[in-house]
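Enquirer: As listed in Swiss-Prot for this protein:
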REGION    12-40  region 'Disordered'
REPEAT    32-65  repeat 'TPR 1'
REPEAT    66-101  repeat 'TPR 2'
REPEAT    135-168  repeat 'TPR 3'
REPEAT    188-221  repeat 'TPR 4'
REPEAT    307-340  repeat 'TPR 5'
REPEAT    551-584  repeat 'TPR 6'
REPEAT    585-618  repeat 'TPR 7'
REPEAT    620-654  repeat 'TPR 8'
REPEAT    655-688  repeat 'TPR 9'
Amino acid sequence: MLCACSGEQFRFEDQPGSPESLATRDFSASGLSSRNGGGDWDSKLEDIQVDEAESTLKEALSLNYEEARALLGRLEYQRGNFDAALQVFKGIDIKVLTPRIIKAIVEKTLPCKPRSKAVIVPPTTMSMHSVSLLLEAILLKARSLEELGSYKEAAEECKIILDVVENALPSGMPDGISGFAKLQDIFQKALELLPLLWKKAGNHHETIASYRRALSRPWNLDPQRLAVTQKSLALVLLYGSVEACPKDNIEEAIVLLMLLVKKMVVGDIQWDPELMDHLTYALSMTGQFEVLANYLEQTLPGVYTRGERWYLLSLCYSAAGIDKAAINLLKMALGPSESRQIPHIPLLLFGAKLCSKDPKHSRDGINFAHRLLDLGNSQSEHLLSQAHKFLGVCYGNAARSSKLDSERVFLQKKSLFSLNEAAKRGKADPELDVIFNLSVENAVQRNVQAALDGAVEYSSMVGGVSTKGWKHLAIVLSAEKRLKDAESILDFTMEEAGDIEKIELLRLKAVLQMAQEQPKKAMKTCSSLLGLIRAQEKSEQSESLLQKFETEAWQDLASVYGKLGSWSDAETCLEKARSMCYYSPRGWNETGLCLEAKSLHEEALISFFLSLSIEPDHVPSIVSIAEVMMKSGDESLPTAKSFLMNALRLDPRNHDAWMKLGHVAKKQGLSQQAAEFYQAAYELELSAPVQSFI
């Protein structure tokens, strides 16, 4: 044993220029001494001194064969002679020594028993110093193989260290036992090295197994070192698969990353921004956006600016389908407290985008877009084009919800101006959304030719079947009364459309057939539509959408039967629709029309008012109430006129309301006014689509 060396060893230790015994020098897994890197070894010892030390070790009678090889192999490794080191290490038969190593480790962990001075430790018991020396030799052998590119063999050698120590310490590394520091250091380096070797060898399964093995027992890893291992395992689980990552792997990675983030929050480990990035990716992959928002809220102040925090949280809530919460967070950036802060560009752009999707928040969207445009020339043309696009959409939505005619006209002009500005700024690389939104806004404002040009341009630029584009084109063609062309486009589109898209197209086709006075064809189309809806597999995400489609299909079929005068069949269809969606304003309006056809005026009024109780601004129901009032006598004409004026305030282009307003004026003896109302109804009907443009 080296610890029982004779004077030969002391003579080696006393040599000039060698302040430490070679047998007791600490060695890191990178092949460097505890004091200096491998590159400093030659500066510490002259070549002649290394040769002399090597010769001395070979002649030292106190070292056994394996220990001498361990020391000689270490010297060769430190000098960069990996082939030579490997040859030396191969002479150590670790399989023969394993039982003695395990026994030595086990005996070291046993509680000390009182013994007489006459008791002598058996000479066959290996000291912990020798155990560490031999295990270090295996580690260096693995390192040598790694340097020579033999990664699989290196991993198998490294695994020996783990097998030996785990057999001796099945419950993990004990605390407070003297003489274990060197052993623990070597073992922990082997724990960290093994998965890296398997990774280099291309064995994904063994890499994961090695990381899990390192985390399965308490090996006294310091918190930061343990965190690095946990992070490495999480990254391999997330990104290591060649194909799609298995669900179990993602879940395990999420648990590991959550633990690490919690440790960061309480200060157990250093802050690592990459952990939040990886957790964001993992939770996004599994759709757990609200959980991600919760972890973002736990991050310490200063990690993100307030703008960044609101932006990230709003992304989470929006992805989770909680747009209202997302918009409320984004609106904080518009408050007076943020006026002195540097504007967060992505936040403003995302705020404008979210608000453009919801007409209720169109005013907030206008504010977001204006804040972005106020930054002026400091932004790219693309960004300014996006800001103008969302501004135009928000102006259009605001116009449709405006109660004042003057304001509505002003907002409509602003909408077209902003969308045209977006198109002009992106002229070099036209954006499809800009062209589409501009076409829709032109259609809503009954600029039918401009809308048609935009719809055709959009469809041609898509370069394939775009259900959204072709559907819009069909509706625009219906506004030009080119109903056959519109139906042909739908037939063409349905050949390539998916099932959900085909449902929307079939519904529009049925409406087109009704407009062409083809009720039997429309009935057949509605039947096909219902069959397609029922054939769909329902999931949590699609169930509500399919239920909405089926409700509308039954209501459409009721309208078809109503056109044919088959009111009992129409009522049956409406009962089916009500069983799926009781609180449907259109359903109650159609029910009222059926009752009105049977001259049940009071019951019809009840149905119409039920519709308005669900949606107070439901224009068809308001017009229906006015029509019933008109039949109740001349004394009800002012009330009917009031309802019709309210309908036109909500929808100024409703030709049906203008027509009935003409009837009211005619009954009141206002012939000139009636003629003007009829003229307005006629002109609006010429450009009226069979289905809303929005």
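Cβ atoms are placed via backbone N, Cα and C, with glycine included.
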Enquirer: Run through the repeat 'TPR 9' (655-688) and tell me, per DSSP, how many residues are helix, strand and coil.
Expert: 29 helix, 0 strand, 5 coil
Enquirer: Over the span of the repeat 'TPR 8' (620-654), how high is the average pLDDT in this prediction?
Expert: 93
Enquirer: Any residues 6+ beyond the ends of the repeat 'TPR 7' (585-618) with a Cβ under 8 Å from its own?
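Expert: For the repeat 'TPR 7' (585-618), the list is 551-552, 555, 558-559, 562, 565, 567, 570-571, 574, 577-578, 624-625, 627-628, 631-632, 650.
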